[in-house]
Amino acid sequence: MGDMSNSDFYAKNQRNEGNHAAAFGCSLMELRSLMELRGTEAVVKLQEDYGGVEGLCKRLKTSPTEGLAGAQTDLDKRKEIFGKNLIPPKKPKTFLQLVWEALQDVTLIILEIAALISLGLSFYHPPGETGGESCGAAAGGVEDEGEADAGWIEGAAILLSVVCVVLVTAFNDWSKEKQFRGLQSRIEQEQKFQVVRGSQVIQLPVADILVGDIAQIKYGDLLPSDGVLIQGNDLKIDESSLTGESDHVKKSADKDPMLLSGTHVMEGSGRMVVTAVGVNSQTGIIFTLLGAGVEEEEKKEKKGGAVEDGHQNTGKMQDGNMESNQIKVKKQDGAAAMEMQPLKSAEGGEADEKERKKVSAPKKEKSVLQGKLTKLAVQIGKAGLLMSAITVIILVLYFAIDNFVMQKRPWMPECTPIYIQYFVKFFIIGVTVLVVAVPEGLPLAVTISLAYSVKKMMKDNNLVRHLDACETMGNATAICSDKTGTLTTNRMTAVQLYVGDVRYKEIPDPGVLPPKSLDLLVNAISINSAYTTKILPPDKEGGLPKQVGNKTECGLLGLVLELKRDYQPIRNQIPEEKLYKVYTFNSVRKSMSTVIKLPDGSFRMYSKGASEIVLKKCSHILNEVGEPRVFRPRDKDEMVKKVIEPMACDGLRTICVAYRDFSSNPEPNWDDENNILNDLTAICVVGIEDPVRPEVPNAIQKCQRAGITVRMVTGANINTARAIAIKCGIIHPGEDFLCIDGKEFNRRIRNEKGEVEQERIDKVWPKLRVLARSSPTDKHTLVKGIIDSTMADQRQVVAVTGDGTNDGPALKKADVGFAMGIAGTDVAKEASDIILTDDNFSSIVKAVMWGRNVYDSISKFLQFQLTVNVVAVIVAFTGACITQDSPLKAVQMLWVNLIMDTFASLALATEPPTESLLKRKPYGRNKPLISSTMTKNILGHGVYQLIIIFTLLFVGEQIFDIDSGRNAPLHSPPSEHYTIIFNTFVMMQLFNEINARKIHGERNVFDGIFRNPIFCSIVFGTFAVQIVIVQFGGKPFSCQPLDLEKWMWCVFLGLGELVWGQVIATIPNSRLRFLRRAGQLTQKDELPEEDVNEENEEIDHAERELRRGQIL
């Protein structure tokens, strides 16, 4: 079917192509086949068939410099002929599919089978009239008042309850899936790209990019479509996502101009004409093939032939952009195997979430909470299974011994159905114990809490891409933050200048500067900066000018404007195409250089970069009249002391601008960087200010109070970094903390062979607060070192911020990676877990608050559920063993299970966070999930509930003067006695739900209760349904209506929970040291073996990425 739809699609397009042959000089299929070529072959084809890239632009009716005119009719025609830049998403699961998935629950299946057997047997009547008598006690009262006719009710009621549970689960999954789709589209809307339309450079949503658009590409971009390079500067692309080639591919208009969607720009910049979008791009073609294969695969899976690699297209490459899925081609046993790698947050709810985990590149280990919950759920599940098995065995043995040993009855064939009915009843009791014991509400509580938090976190400028990151953030013990843009405003202004042997503490009047130096300075800045960087007039009068592009370059262009010059005429005179050679900025060079050809045929190269790095390469400097003089090492040292250090101590970034002339005979070897980028002449040093964000010092103080260490990891000079760290409050004067640069850091952590040693890192990181002049490698090493450290009791949970392409490995290695939404590159965003849409550090503090709130919500739910579990299991078990019947019937247990699991998780998982969450230390990895206070609450309330229920069970009939419900025969009518027990049990749970809102021993359990309307409505709603069940539930719910007095007693005993809660709060925890702490993760048993292997793979993966990035 997929093939058919594809062929229809192409046939339709071919018809379109025929109709529009005159409209454009090339068809869709021609462009598709052109994009399949590479290297020289592509250049030749382009030249011969199209007359080069200019000829291609003519055919596509676009201008290489001005782009598309932007007329709506033209844009619509392009959409119609060449398609839109989006790939249709996978259809969401229907409600029925979700119902079917919910039905797969093992305990529910067991219950369904038991209920069906019960139903079947209730309609079976043994032949002959004597059966009842001769079967003796076993059949006692079976036929009383025709009650046997109603024997089907219990089976039917269980089935009905199962239907309720399934529908509620399916509805939850459906709403969750809908929410994830909303999150997905939000992430996609964030994705924009720079294109030229009508001579204007505009940011366009990726979905609106069309064939013929001229796209501007720069370092860090994720290409949104296929295209042909028009002009490029030192352009290197990582094509591993499509071709599996791990080395970066050099692209140039004359050697290899083909650019493919979904590949990363690792270095350089350029312009390309878009030739294929959406399903017609190289990535889109693969997606379409995979999408067409999904249905076949699903059919195969149904037949049991599950496809080995799980290639289903689980995400969508909406807007033709590869952020949501990356196609990895792995060489496996010599064969290239395709692997779909969805990289955005799960788009299709839980099932897709699982699929995503299965298929994506080995992600970090399970989040802290997931690890603890899995362990706890397994422990509880095992205990529940054991209890239910023991219950069934005891019931069967009790029955067998009583009938066949004590009363010496023979086994009579006609009695077999009656005996089987008893055994089925025992089995149902056992399953009921299991249903109540197994905490299947745990994953639901986690999901609800995370989904609720993620939605609210968007308002706090946190766009969560991986759900578990939200909760992991609550455990964070360390944050390694960038400086620029995160702690500072990222609005660069040149405030000091050193030129012609004079340091100006304010930008001087241009008249006082040597004219030669001024001309060189203005030309060097105007030409040697990205032409996409501009300063535009302010949006509103009196506002600040708008900075577009690289902010450091904006600061330098601002200096040109302050010196009463303009950079645009110079750029117009030397357009980007005329730049002879560009050495783009990267983390190894730490400088950018541009070569131009002068009118006399010679060459001039302008350079700019970190002052200490560029000055080392200078052999001359311009003097007071603008003439070069020799610049000796002695002069350099003096300049560092008198100019650079004082500027850096004021918190300024220092940028040195320099130049060098080359003769054209012979032409230099431009690839010999070491010789080219040397022997420079310094023009000036500029001090650029990037002020600290006003809200940052307070945010850092909150982190420190919350037990989180904030470290600054920056590429800036050590003095600049220290000055900013003091302003932010990361360090305070006189404190014994380390501020070191990358060089010193590497000296301290590496042995004689140059290998990193964990023991050496352990001596550095605890005191380290500022790491300056650091490379992405240093950042990754630091993060890895802190995470792998075992010196503290608790393993550190590290959050990292990053914006550059090279921050990818560190972001992946961190427990939580934050990418910058504004300044961040697409590569960084893709490697991250959370995107900060405002690039602001204080948003990270909000993420910590939400993370802790998730942890607390889950703990509240656990405290509540475990109390119910403990009590219900003990009651069912003891009751069954003593009275041969469970005081709480299967249907009642299912209702309690529904209260416990679905409603309580909704009520307790949606509590809003408060500032008080930041007043305590992180929980840490090895702290038990259930604290001693929680254990005290669980056991305390459990004891209260058990005393009440057993009192009611054994002496209840005397207290209320009613018939006893104990030892009632099979199918006997519901008793008032057992109804009171059931009703009191539910009332105690309802009031205990209010107690469960507090888990740290607080006395006021009502504090802030009305701020959570969901909680209030669920408590009142459950109460109302309980009234209906007791008064009108009748036989299906095994309930007898109660009068007002008995109701008041039930509510009174429930209210006792609140009073008892105050009693428990008074008991000091120190008395309860004997309590075992459940759900604890120790260093050794932190993860199952397969996860440990996955973690190792992850490290290798990150390190491989890092090695690949080292040429940067």
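Using the three backbone atoms N, Cα and C, a Cβ is placed for every residue, glycine included.
Not measured: the values here are computed from a predicted model.
Among the residue ranges 487-508, 509-530, 553-574, 971-992, the one that Swiss-Prot annotates as transmembrane segment is 971-992.
Topology note: Met29 and Gln282 share a membrane side (same topological domain name in Swiss-Prot). Through the fold, the topological domain 'Cytoplasmic' (993-1011) approaches residues 856, 859-861, 863-864, 867, 904, 907-908, 911-912, 914, 931, 933-934, 937, 941, 1019, 1057-1058, 1061-1062, 1065, 1069 of its own chain, all at least 6 residues removed from its boundaries and within a Cβ separation under 8 Å.
According to DSSP, the topological domain 'Extracellular' (394-426) comprises 27 helix, 0 strand, 6 coil. Tertiary neighbourhood of the topological domain 'Extracellular' (1034-1043): same-chain residues 150, 153-154, 156-157, 160, 889, 891-892, 895, 973-976, 978-980, 982-983, 1050, selected by CB-CB distance under 8 Å and a gap of 6+ residues from either end. Counted within 10 Å of its Cβ, the other Cβ atoms near Asp482 (active site, 4-aspartylphosphate intermediate) come to 27, all protein chains included. For the topological domain 'Cytoplasmic' (1066-1112), the model's pLDDT averages out at 46. Secondary structure counts, DSSP: the topological domain 'Extracellular' (1034-1043) has 3 helix, 0 strand, 7 coil.
Asp482 (active site, 4-aspartylphosphate intermediate) falls outside any helix or strand according to DSSP and counts as coil.
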